[in-house]
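S.K.: Have a look at the structure that comes next, please.
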Amino acid sequence: MPVESGSSGAARQAKQKRKSHSLSIRRTNSTEQERSGLQRDLLEGQSSDNLDSFMRMEDTKLPLSLRTNLLDLFSQIEREFENLYLENIELRREIESLNDRLAADGQTVEGADLAKGALKTKASHSTSQLSQKLKTTYKASTSKIVSSFKATTTRAVCQLVKEYVGHRDGIWDLSITRTQPVVLGTASADHTAMLWSIETGKCLLKYLGHQGSVNSIKFHPTEQMALTASGDQTAHIWRYMVQLPTPQPVADTAQTPCEDDVDFSDKDDADGEVEGPNDCPSVRVPTTTLRSHQGVVIAADWLVGGKQVVTASWDRAANLYDVETSELVHSLTGHDQELTHCCTHPNQRLVVTSSRDTTFRLWDFRDPSIHSVNVFQGHTDTVTSAVFTVGDNVVSGSDDRTVKVWDLKNMRSPIATIRTDSAVNRISVSVNQKIIALPHDNRQVRLFDMSGVRLARLPRSNRQGHRRMVCCSAWCEDNSTCNLFTCGFDRQAIGWNINIPALLQEK
C-alpha cells in the first residue's frame, strides 16, 4: 500500500476544506435569499395594507394634495428598495462565482500553507470590493429618496429670465448699480466692461479704457460712477450716463424647479464667435486712474460713503486710495501670496482681503488713529473670496471646496461650514433673504442659507445655464424680474428669478 507524503496529504485536506467552505457559503446564500424574498413579500403586503388603510381613513385632517404626495413618496421608496433588493441578488451571484473561481485557483497552488494564504488574500480583497459596492449603492439610493422628499414637499423655483451676450472673452465679474437707473455691469477678459439693461438684455455702454483684462467692476453707492480693476496694473474710476430702453414683454418661459434630477448634460455647445453690440456707445477715458501696484489688480471696491476705494493685487498688497486726489492713503501688506479678492462692509469702515496663502484678513479703519488687522486661517487652499453680510457675518469661499460662515464678534471658528464637490469662486449673499450663491468651477451654481443648509441648485443643461466655469454671482434686491445674476467663462451673463419658499428657508 503506497504511503502518502506529508505535503500531498496536507494539500488534500486544504482542498476538502475549501470545497466544504464554498458549499457552506452557497447554502447560506440561498437560504438568506429565500428568507429575504419572504421578508420582502411580507413587507410588500404590510405596506400595501397600510396604504389601503391610509386611504380608507375618513377622519383624516390631511388635505388631499398632501395625501397624494405622501402616497407618491411611499411608492418611490418602495421602488428604490426593490432596486436595492435586485442589486443584492446580483451581488450574491457574483459572490458565488467568485467562490467558484477561488476554489479553482486554489487547486493550482502547491502546498497547503501557500494555498491558504493566497485564498485568504483574494477573498479579503473581493469582500472589500463588494462591501464598498454595497455602501455606494446604498448611499446613492438613500440620496434619491431624500431628494424625492425635498422636491415634493418644498419646491424652490429657479427661472432663467435673460442672457446677456456680447463679450468676446470670459466674464470675470459682475455687479448691480446701487442708484437709479438699475443696470447690470460686467467685467471681461476681452479688456472691456459693459453696462446692460436688465429687462431687455441690451448693451447700454461699453468701457474701453483698460489695456488688459478687466477683472472687477463695482458701482459707487450714490453716484453714477464705476470702479474697474485690470490686468494692466491699474484701477479706473469712470462716469457713465445711460438711458434705459423701453421694456419689452418677457417671454413666457416655463419655470424650472431647482431639483437634483434635472438633466445636467456634459455636452458643450460649440462656441461660435459672438458679435459684440455695434450700436453700443463707449467711454474710453477714465476720470481717475489709480497707479501704484506692481502686478495685476484683481479686485477693487468702494468704502462706505464712496470717498475711498481699496484695490487688491497680485503683488501681495491691497491699497487704500482717496478718490478725490487719487493719492495712496495706506498700503495693506502681510499676505504671503497673491491676493484674489477684496470686499468692503456696506455700513462700516471694514475691509476683508483674500489670498492664495489660504488666509483672509480683516482690516479695521473705524478708528482713524488705529488700523488693526486680524488674520484668519480657516481654509486649506486658496481663498477665492470673502464677503460681508448686512449683519455681523463674513462668508468665505475657497478652492478647498468649502464655504464658511463667520461671526465678526467671535471669529475663532466658523459658525457654519458648507462642503461642496467643486472649487468655489466669487460668492455673494442676498441682503433680504440671506441666501448664499455659490458659483463653481464645474459650471454649477448652488444656493445655501446662512446655516449651511442647501436650498437649491440652478438648472443647467446643454440648452440653458453656463457651459464653462461660473466665475461670479451677484444679487439684485430692487428688481422683481431678475434677483440673481451669474457670469462665467462661456462669455455670457445670466439673469435668474429665484423663488425660495419661506417654509424651505426656515428649515
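Just so it is clear, glycine is given a Cβ too, placed from its N, Cα and C backbone atoms.
Those TrEMBL annotations? Automatic predictions, nothing curated.
Copying in the features that TrEMBL gives for the protein in this structure:
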COILED    74-101  coiled coil
COMPBIAS  1-10  compositional bias 'Polar residues'
COMPBIAS  22-31  compositional bias 'Polar residues'
COMPBIAS  32-43  compositional bias 'Basic and acidic residues'
COMPBIAS  258-276  compositional bias 'Acidic residues'
REGION    1-46  region 'Disordered'
REGION    254-281  region 'Disordered'
REPEAT    164-206  repeat 'WD'
REPEAT    207-238  repeat 'WD'
REPEAT    290-331  repeat 'WD'
REPEAT    332-373  repeat 'WD'
REPEAT    376-416  repeat 'WD'
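Can you tell me where each of these features sits in the structure?
M.R.: Confidence across the coiled coil (74-101), taken as the mean pLDDT and rounded to a whole number, stands at 87.
Across the repeat 'WD' (207-238), the DSSP tally of helix, strand and coil residues reads 0 helix, 18 strand, 14 coil.
DSSP assignment over the repeat 'WD' (290-331) gives 0 helix, 24 strand, 18 coil.
Within the chain carrying the repeat 'WD' (332-373), a Cβ under 8 angstroms from the stretch's Cβ atoms is held by residues 295, 298-304, 310-320, 379-388, 390, 394, 396, 398, 400, 408, 411, 426, all 6 or more beyond its ends.
Within the same chain, residues 340-341, 343-347, 350, 352-356, 358-362, 422-429, 431, 434, 436, 438, 448, 450-452 sit at least 6 positions outside the repeat 'WD' (376-416) and bring their C-beta atoms closer than 8 Å to a C-beta of that stretch.
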S.K.: What are the DSSP helix/strand/coil residue counts across the repeat 'WD' (332-373)?
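M.R.: Counting residues per DSSP class in the repeat 'WD' (332-373), I get 0 helix, 26 strand, 16 coil.
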